[in-house]
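Colleague: Following this message is one structure expressed as structure tokens.
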Amino acid sequence: MVSSAGGASSAVDAIGATSVSRHAAEDIVASLTTLSPPQEDDATDPAAKVLQNEVDKEDVGSTPLRKREKNIWIVVRAFTPAWFTINMGTGIVSILLHNLPYNGIWLYWISVILFGLNLVLFVLFTFISALRYFVYPGLFLTMIRHPAVPLLLGAFPIALCTIIEMIVLVCVPAWGEWAVTLAWALWWIDVAISIVISYVIPFIIMHVHHVELATLSATWLLPVAAAIVASAIGAIVAGALENEQHALWTLITSYFLWGTAMPLSFTCLVIYFQRLSMHSLPPPEAIVSMFLPVAPLGQGGFAIIQLGKVAAEVFPKTGTLGKMGIHSGEILYVVGWIVGFTMWANGLAWVFFALASISRRRFPFNIGWWGFTFPLGVWAGATIAIGQEMPSRFFNVLGTIAAIIVMLLWIVVALGTIRKVIDGKIFTAPDFEQWKKEKRRTLESA
């Protein structure tokens, strides 16, 4: 994979539904981004105070959780899609450990343990997210209309993709055909979710909000990246399917996903490069988002290489594009490797930009630090894929070094997240604050 953009914890001013200031938008990026509740205006009218007190019963609050009652509902209220970036990072580490060129049985079992951890976290996070929107009616629609939070929805299908790939890599060899069917079914579900998010979320942002170039953030890449990751996993799943027609249609769908998402990601990259050139680097709390452009390039490069590899096997068996007597699958394999290598090289440039950016300033820990792991992880995966296909010891060694760095980063970020969870400072959500304001206005109008 590599399979497998993107979460948060600094202050963010309240954001209107139709406009975004430069500083507010850039602060939100920290949630890969940082999600911190804005301050409320004091109500001076007694009646207004009564209404505000009624709404404040459901307030997340701006004080640390350690100073408040340890209430599970505080976690539920503040559980934004940014938390699925933890699954993205954990999933890509488990995949890298499994696919390392220089591997061992002990690394295999560590990858299996991380796969199990990722699966448990994904189920838990999905349950908490569903509970959040069930308990607070209207919060989902408010979240969708928020100028930044819905961009993080792309983390959900990407997280699911990391689980699907590990099912193919670990469960299929152990349990056989039914595991292939499970992976295939989950992949189709992921495809549907990815397409909806890739198309709908960017349109909502364009239609509902007035976005200026200075406010553009790298999180715009997350919804689009979901389809790119799905295309890469589609190639993995197609290679495991025994039914040739099923493999063919999975492969064609994966090419469609790659074709619909990569041009959009290139468009976003060009605009984001212009934004950086004209308006400088993101603020310190959002500087980690500089790594996000690496994700679609690394994963897209891996995807097109893997698609060509599987096409070379499937197309001759099904007679696809073979009427002229040419070896269409082999052509796609060679072209895919060239395109994938080019995208990998472009990703290396963004890795340099990101490293140069974080080396120039200190930046606070927030859930956005998970933006380190997945982009660098998929780039490392693409490096390993290039080395295996050439084959090349240089790329195998480089991919191994990059993978080790990603694993060490995962340990650092995981420990930092646990510490922030314990003190409660990581549980904040601007979409809940916006929902609370809308509820207050409804009560006042009544």
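Keep in mind that glycine also has a Cβ here, set from the backbone N, Cα and C atoms.
TrEMBL does not curate its annotations; it predicts them automatically.
Per TrEMBL, the feature transmembrane segment maps to 74-100, 106-131, 151-175, 187-208, 220-241, 247-274, 286-311, 331-355, 367-388, 394-418.
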Colleague: Quick check for me: are there 3+ Cβ pairs below 8 Å between the transmembrane segment (286-311) and the transmembrane segment (187-208), leaving out pairs under 6 residues apart?
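Modeller: No, these stretches are not in contact.
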Colleague: Tell me whether the transmembrane segment (367-388) sits in contact with the transmembrane segment (106-131), defined here as at least 3 Cβ pairs under 8 Å among residues 6 or more apart in sequence.
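Modeller: Counting Cβ pairs under 8 Å (6 or more apart in sequence), the transmembrane segment (367-388) does not reach the transmembrane segment (106-131), since there are fewer than 3.
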Colleague: Does the transmembrane segment (74-100) come close to the transmembrane segment (151-175), meaning at least 3 CB pairs under 8 Å for residues 6 or more apart?
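Modeller: With 3 or more qualifying Cβ pairs, these stretches touch.
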